[in-house]
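As recorded in TrEMBL, the features of this protein are as follows:
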- A:20-43: transmembrane segment (TRANSMEM)
- A:25-201: domain 'Cytochrome c assembly protein' (DOMAIN)
- A:72-95: transmembrane segment (TRANSMEM)
- A:107-125: transmembrane segment (TRANSMEM)
- A:145-161: transmembrane segment (TRANSMEM)
- A:173-193: transmembrane segment (TRANSMEM)
- A:213-233: transmembrane segment (TRANSMEM)
Amino acid sequence: MAPEGKSPRLPEAGQWPDRVAPAALVAGIVLTTVGFLMAFLWVPPVGGASVGGAELIGDAMVSQKLLLSQKIFYFHMPVAITSFIALVFGAWYSLRFLRTREARYDTCARIALEITLLFIALTMITGEMWTRFEWGVWWSWEPRLTTYLVLMLVVIAYFVLRGSVDEPERRAAFSAVVAIIAFIDAPICFMVTRLIPSSIHPVVLREGGMSPEMGLCVAVVAAGMLCVAFALYRARFRQVRLAQRVEALKEELGD
Amino acid sequence: MAEREKQERARRSDAPASPRSELCARPSALEQYRVLLMKDLRQELRTKEMLVSMGIYALLVIVVFGVALSFARPGADFLEVSGGLLWALVVFTSLLGLNRSFSHETENGCLEGLLLAPLDRGVVFLAKATSNLAFLAIVEVIAVPLYWVFFSSFAAPAASAPLIVVPLLLGSVGIAGIGTLLSTITASTRGKDVMLALLFVPVVFPLLYACVSATTAALAGGVLMEEAFATSLALAAGYDVVMLLASWVLYDFVVS
Amino acid sequence: MSAAPAAIRCEGVTKAFGTRKAVDDLSLELPRGAFLSVFGPNGAGKTTLLRMIATLTRPSAGRIEVEGVDAKEEPDRAREAIGLISHNPMLYPDLTAEENLLLYARLYGVRDPGARVIELLDAVGLKHRRLDRVRTFSRGMTQRVSIARALVNDPAVVLLDEPYSGLDPHAIEVFDDLIASVRQDRTFVMVSHDLEKGLRLADHVLVMARGRAVAFDPKDELDEDEFRALYRSTVGMGVA
Amino acid sequence: MNPILADIYSTILPSAPYVIAAYALLWVALLAYVLVIARGQKRAEAQLMLLEEALADRQAKGE
C-alpha cells in the first residue's frame, strides 16, 4: 500500500478489477455484437408490443403487430436491466459510505450513479424509438416508461444536489441518502403505476413469455451490456481517482 | 486480549456514573417529542408565516386553475380531471410550506442547538414531520372546501366524494414524512427552493399517482370507485410506511 | 488508574475525508476547571475539533472523552455535560427569551425548568426582558441569552466558538464579565481569532496549524513573547 | 412493383429508421461517456504537468 505518513491515501485502483476491465470491455463488445447479429439473423420474427384490442393512441388506431421494430427490444431490455443493476450498486456503495464515512465509497457511489444515468438515458432513447414507431406518439404514460422517467429525474436531481453542496463530507452524506431513496422509490413507482388500473392509458401486453430464442438473445446482450458498463465504470473510476490524486498532490505542494 | 478489554470496561464503569448535573433528569423521548412539537406550533401561531403564505398560495393556484378551465365545458368529464388538479394544488402548496418549515431551524443555527441536547435524531424527525403534517392538514381543511366552492358548478361529484378525506390524509402523511427528510437536506444547499422541488416531485410521484387515482375514483364513483379505490389506497399506505421508515432511519445521517 | 478523569481527553483524534485532514492525530488532556484557548489560522481545524468535542461531528479515528464519557460511544451522556456558545445564537427569533430557554431546559430534562430559566436570565441581566421576542434583541443581548442557553443544563464543560464575532466593544466587556461570573469550576474551551483576549482568559493554550497541534502548554509555563512569535509564524503559514 | 415484395417491404421499411436510430443513438451515447472520461483524463494530466513545473521551479530555486 501507499507508504505511511503524508503521502495521499486514496481509493485504490490497480487491483483485480482493473486487470479484468479490458477483458470485460472486449467481452462486452463481442457479446453485444453477437447479440446484435442474433437479433436480426437468428431469432424468429415476433410481433411487437401488442395492444389489448385496438386502442387509440395519439391520433392513430394501433392494433397491428409490427415486426422489425421489435428488434429494438433486444437492446432495450438489457440496457434497462443494466441501469437498474448499476443503481443497486450505487445504493449499496451509498449505504457503505454512510456506515464507514470513507470518501472512496462516495466516489464509487457517484460513478455507479453516473453509469445508471447513462444507461437510463439509453433505455429512454431505445424506448422512445419503439414508442414512436409502434404507437406513433413520442410519449406514452406506460408504467415502465413512467418509472424510468421518474428514476431519471431523481438521478438528475442527485447530480444537481451534488453540485449545490460545497462541503465534501456533507455532500457525500446527502447524496448517499438521496441515492438510497431513489433505489427504494423506483420499485414502488413501478408497482404503483402497474397495479392501479387506469381508464385512460392503454395496457400494453408484452408478456406471454419470451420464446427461448428471445430469452437467449436478451441474455447475451444483457451480459455484454453489463461487461461494457463495468469497463466504463472502471475507466471512469481510474480517471476520477487520478484527478483526486492530483488534487491531493497539489494541496501537499501548494504551500 | 479479552482480559484487557474487560479491565478497560471495568475502569470505564468505575468512572463517575454520569457527568450529568444534579439539576437534570433525562426526559423521555415522548416528552422531548412533545416539547419540540409545541415549539413548532407556538412559533407558527405567533408568526402565522407558513399558514398564511400557504393559504394564499393555495387560493392563487385555485385562481390559476379557474383561468385554465375557463374555456372548458362543464360536464361529468371534469370529475376525472379534478382529482388531479386537487393534488397539483396540494403538492405545490406543500412544497412552499416545506421550504419554509426548515428555514426556521437553519436561520440561527437552531438545529445545532437541538442536536447538542441528549436527544435521539429520530425524535427531531418525527416532531418536525408531525408539525409539517399539522400545517398541511390545516391548509387542506381550508383549501379543499374552497376548491369545491369554486369548481362545484362544473360537475356534481358522486355520492362517495367525502371519501377523498382518506387519500388526502394518506397523501399528507407521506408528503410530510419524505418532505421533512428532503427539506432538511436542501435547507443547507445553494438554491434550496429549486433543489427541494427537483428532489421532492419525482420522489413522491408514486404516492401522488396512487392518491390521484383514489381521489378521482371517489369523486367519479361508479365502476372506477370499485376498481381502483382500495388498491390505490393500499399502495399509498404502503408507500407511506416504507418511506417514513426509510426517512426515520436515514435522518441521523442527514443531520450529523 | 487516574484519580479523577480529565475534563476533556483526546487521543489521536483525526477527522479526515479522503486525503483532506481537518484534524490530524491530535492528543491532549485538559484537567477540570481549566480554560483552554485554541488558536490557529483559518482552516487549521479549530472549529472541527470543537465540534467533535461537542459531539456534533464524529471523529474518523481516535477517542474523545468528556468528563470520562466516550463521546463516540455514548454521545447522549457526553452531551449532558456540554454547553456550546457559538457566534450563532441558536435561538428561535420568534420565541421569547424565556420560551427559548424553557425549550432547551425541557429537552435536557431540567427538574424545575421555570425556576432555572428565571435564575439564568437573572444571571445574564435579562430577567426583565424575558417576555420579549429574541428577534427584538440587540446582538449583544442575544449573545447573553445564548450564554444562558448554553448553561441551562449546568454543564461541566463549556465550549465557545468565536463568541465575539459581531459584538461591539461594550458587549464584549459584558460578555467577558459574564463568562467570569459563570466560571465556577467549569472547564472552558474557547476558539478565537483574538490573540490578546484568548491569552488573557486562558490558563492553557493550544495552537493548531493544518489540523495538527503545534503547541499545547499550560499558560504559566509559557514565555509570552516566544508564544506570540510562534503564533505569528503559524498564522502566516495558513495565509501563504 | 410486385405486390408481394411491396407487402414485405412495407413491414420493414417504415420501421427501419427508428430501429437504426435506436441502435445508433445507443452507441453514440456510450461513446459520449467515453469522451467525458477522456476529457477528465486530459484535464488531470494538464494539472499534473503544472505540478511538475512547480516542482521544477522549486528545485531550481533551491539550488
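For all residues, glycine too, the Cβ spot is worked out from N, Cα and C.
Within the same chain, residues 11, 76, 79-80, 82-83, 86-87, 89-91, 93-94, 97, 145, 148-149, 151-152, 155-156, 158-159, 162, 175-176, 179, 225, 229, 232-233, 236-237, 240-241, 244 sit at least 6 positions outside the transmembrane segment (A:107-125) and bring their C-beta atoms closer than 8 Å to a C-beta of that stretch.
Ranked by Cβ pairs under 8 Å to the transmembrane segment (A:72-95), the stretches A:20-43, A:145-161, A:213-233 are led by A:213-233. Counting only same-chain residues 6+ beyond the ends of the transmembrane segment (A:213-233), those with a CB under 8 A from a CB of the stretch are 20-22, 24-25, 27-36, 38-39, 42-44, 46, 73-75, 77-79, 81-82, 85-86, 111-112, 115, 118-119. The average pLDDT computed for the domain 'Cytochrome c assembly protein' (A:25-201) is 80.
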